[in-house]
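Asker: From Swiss-Prot, here are the annotated features:
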- 1-28: topological domain 'Lumenal' (TOPO_DOM)
- 29-49: transmembrane segment (TRANSMEM)
- 61-81: transmembrane segment (TRANSMEM)
- 82-117: topological domain 'Lumenal' (TOPO_DOM)
- N96: N-linked glycosylation site (CARBOHYD)
- 118-138: transmembrane segment (TRANSMEM)
- H119: active site, proton donor (ACT_SITE)
- 148-168: transmembrane segment (TRANSMEM)
- 171-191: transmembrane segment (TRANSMEM)
- H176: active site, nucleophile (ACT_SITE)
- 210-230: transmembrane segment (TRANSMEM)
- 231-254: topological domain 'Lumenal' (TOPO_DOM)
- 255-275: transmembrane segment (TRANSMEM)
- 292-312: transmembrane segment (TRANSMEM)
- 313-320: topological domain 'Lumenal' (TOPO_DOM)
- 321-341: transmembrane segment (TRANSMEM)
- 354-357: motif 'Prevents secretion from ER' (MOTIF)
Amino acid sequence: MEKGMNVLHDFGIQSTHYLQVNYQDSQDWFILVSVIADLRNAFYVLFPIWFHLREAVGIKLLWVAVIGDWLNLVFKWILFGQRPYWWVMDTDYYSNASVPLIKQFPVTCETGPGSPSGHAMGTAGVYYVMVTSTLSMFRGKKKPTYRFRCLNVILWLGFWAVQLNVCLSRIYLAAHFPHQVVAGVLSGIAVAETFRHIQSIYNASLKKYFFITFFLLSFAIGFYLLLKGLGVDLLWTLEKARRWCERPEWVHIDTTPFASLLKNVGTLFGLGLALNSSMYRESCKGTLSKWFPFRLSCIVVSLILLHLFDSLKPPSQIELIFYVLSFCKSAAVPLASVSLIPYCLARVLGQPDKKSL
């Protein structure tokens, strides 16, 4: 088993080396792709846009992003995936040969296990939701037209172009091996496809959101404690990241498994609070919500305020405080974009004339 994995990892190292040597001019592009593919953009950019354009799509997008990333965490704890940037330095596979030179970048040194790729899984799930939802909106109940078929081809070509760029980016940056990004894409699509058949998320009560959040958090912590009790160190990757990362400042605590867990459950709990609040019912369920200028205003204000909010980084000196603040910050994102911002704008704009609806 280990010998087979070493061969697979060596193929990944050679792939990374090939990309870094032959596509040096694309370095900035691959870094940009990796930054854009971060799941944070699904929460801070894509969610407020889709929620105020098509509420059901926004809700499904957030559920897919959260549950997909939670499953990604569990998979990583089970699979114990290596990362190229530390494996190439840590392995004795190259004992009788020269070690391939692998460059590191500011976004390379993530601290969690590597399989499956979180960037690939998150992007695949979120973009799958957007593509399938867009196609369902334009198709209607009639027989597909020529224009619809063209749109179908264009959107799916765009989808796979995005996935290819994300996968190549993660390999180029030495953050993942090829088999890890492929596993991420397939897993993300599977999660998104599953949520196409789940209707209960659109009218879930606050109690249901609370219990699901509690289950996700307690299961992950319980699973961690169980494996730890069996002698398995699930934070083994943190030591490797700190040891083999080229620069200490490139190792960020917000990429640890528990940071990801708290962000996800915080986001889902915040969505539950927002959708079951009186501010949401007054602003997003009345006649004003049908007025396009109002919805557009909600999108613009949400994007601006969430961008400013995202720039506020919780202090990371004390891990417990960092995790608690990460949970609160994540919960505030859907709470602001779903209820607080629309409520305030509704008070400012007032009720529109019926002719303008």
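Every residue gets a Cβ built from N, Cα and C, even glycine.
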Asker: Reported in the order helix, strand, coil, what are the DSSP residue counts of the topological domain 'Lumenal' (1-28)?
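Answerer: For the topological domain 'Lumenal' (1-28), the helix, strand and coil counts are 26 helix, 0 strand, 2 coil.
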Asker: Got a sec? Which of these active-site residues, H119, H176, has the most Cβ atoms within 10 Å?
Answerer: H176
Asker: How many of the residues that make up the topological domain 'Lumenal' (231-254) does DSSP mark as helix, as strand and as coil?
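Answerer: The topological domain 'Lumenal' (231-254) comes out at 14 helix, 0 strand, 10 coil.
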Asker: Should H176 (active site, nucleophile) be counted as helix, strand, or coil on the basis of DSSP?
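Answerer: Where H176 (active site, nucleophile) sits, the three-state DSSP reduction gives coil.
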Asker: Under 8 angstroms, Cβ to Cβ: which one of 61-81, 255-275, 292-312 has the largest number of such pairs with the transmembrane segment (29-49)?
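Answerer: The stretch with the most close Cβ contacts to the transmembrane segment (29-49) is 292-312.
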Asker: Do any residues, 6 or more residues outside the transmembrane segment (148-168), come within under 8 Å Cβ-to-Cβ of it, and if so which ones?
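Answerer: For the transmembrane segment (148-168), the far contacts come to 19, 30, 33-34, 37, 117, 119-120, 123-124, 127-128, 131, 134-135, 138-139, 178, 181-182, 185.
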Asker: Please report how many Å separate the Cα atom of H119 (active site, proton donor) from that of the residue listed as 'active site, nucleophile', as a whole number.
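Answerer: So the alpha carbons of H119 (active site, proton donor) and the residue listed as 'active site, nucleophile' sit roughly 10 Å from each other.
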Asker: Would you identify the secondary structure of the residue listed as 'active site, proton donor' according to DSSP, in three states?
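Answerer: SS state of the residue listed as 'active site, proton donor' = helix.
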Asker: Would you say the transmembrane segment (118-138) and the transmembrane segment (171-191) are in contact under the rule of three or more C-beta pairs closer than 8 Å, pairs 6 or more apart in sequence?
Answerer: yes
Asker: Determine which recorded stretch among 61-81, 118-138, 210-230, 255-275, 292-312 has the most C-beta pairs below 8 angstroms with the transmembrane segment (321-341).
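Answerer: Answer, by Cβ pair count: 255-275.
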Asker: Counting Cβ pairs under 8 Å that sit 6 or more residues apart, are there three or more between the transmembrane segment (210-230) and the transmembrane segment (61-81)?
Answerer: yes
Asker: In this predicted model, what is the average pLDDT of the topological domain 'Lumenal' (82-117)?
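Answerer: Averaged over the topological domain 'Lumenal' (82-117), per-residue pLDDT gives 90.
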